[in-house]
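J.: According to TrEMBL:
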TRANSMEM  32-52  transmembrane segment
DOMAIN    46-297  domain 'G-protein coupled receptors family 1 profile'
TRANSMEM  64-83  transmembrane segment
TRANSMEM  103-125  transmembrane segment
TRANSMEM  145-167  transmembrane segment
TRANSMEM  205-228  transmembrane segment
TRANSMEM  249-270  transmembrane segment
TRANSMEM  282-299  transmembrane segment
Amino acid sequence: MGEDGNTSTFNTSYTNFFLIGFPGLQEWQPLLFLPLTFLYVTIISANALVIHTVVAQQSLHQPMYLLIALLLAVNVCAATAVMPKMLKGFVHYANPISLHGCLAQMFFIYFTLLLDYNLLLAMALDRYIAICHPLRYTDLMTSKLLGVLAILALTRSLGVAVPLVVLTSQARFCRTMVIPHFTCEYIALLSIACGDLTFNSKLGLAMRLVTVTFDLALLGASYTRIIYAAFRISSGGARAKALHTCGSHLLVILTIYLSGLSTSIVFRVAKTVSQDVQNLLSAIYLLLPGALNPVIYGVRTREIRQHVEKMFYSKKSAQEVRGKSERMQNMIVEGK
């Protein structure tokens, strides 16, 4: 009981919430539905096209291309964890979600983001072996090693995502039922929780810093060694190909890590930034990799680009042949 004789709201904990997307843009949110739906369809289609190309072409069944396909599959899962609920909120102002649904969404968001990080590490290892130890590449980058890397990536992702979800599930949400966000991010849920959240906040920050610092240190060391080895390749064509491939990976790394770091800095430092700007940065962080990665790998990776172009050219040629055949049949019928 509180001092006024009423039950303290601190003893209550909401189990159902409302996501409100962009609080300051409620009147404009319905107008965002169509462009963001188009973005979601584009993300699914572009990633699926590259994945299909890698799976369908036997010549692309190599570790580098398989890791690219896995990364793009994770992009699709990450976008699907966010976009459907986000789009629903743009149509209906009241976008309800249960605590269990919120925790499930939060798990998939962070699990897929961490898988992104881990797959980038695996791709760095692949390029390191290919460029620094080319004669031993087929002996080292085996299907067994890929399986081990996949298990390590899953274990590491679960090791970070699960504690965050479990810790969040034990918090009490007494401030409000309204989450001023389009998705159930960790910081968004902490903003409506009550009680002493110092440990929760520090744990989330520590996990982010440790993960990012460790990953960037490994990636930096790997690509420094890779670029150094690439410049020592005597063949100009082989050197250019190696640097071009590494350039694609570095573009993806910069996209993922810089967007994530900018979001964390704004959330924790720039307190005067509006909620809408914070949510926009989150949307960029969560959706930008899924939108750009298939373009980067589909355009800059020559082998994938050639197979995609060949596939579209074959379809166009087949359509032209069918069209000519139909016109000839019509001419014969008309002649009769």
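Backbone N, Cα and C atoms are what each Cβ position is placed from, and that goes for glycine too.
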J.: The transmembrane segment (145-167): which same-chain residues, six or more beyond its ends, come within Cβ distance under 8 Å?
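T.: Those are 63, 66-67, 70, 103, 106-107, 110-111, 114-115, 118-119, 121-122, 125, 186, 200, 203-204, 207, 211, in sequence order.
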J.: Looking only at the domain 'G-protein coupled receptors family 1 profile' (46-297), what is the mean pLDDT?
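T.: A mean pLDDT of 86 is what the model gives the domain 'G-protein coupled receptors family 1 profile' (46-297).
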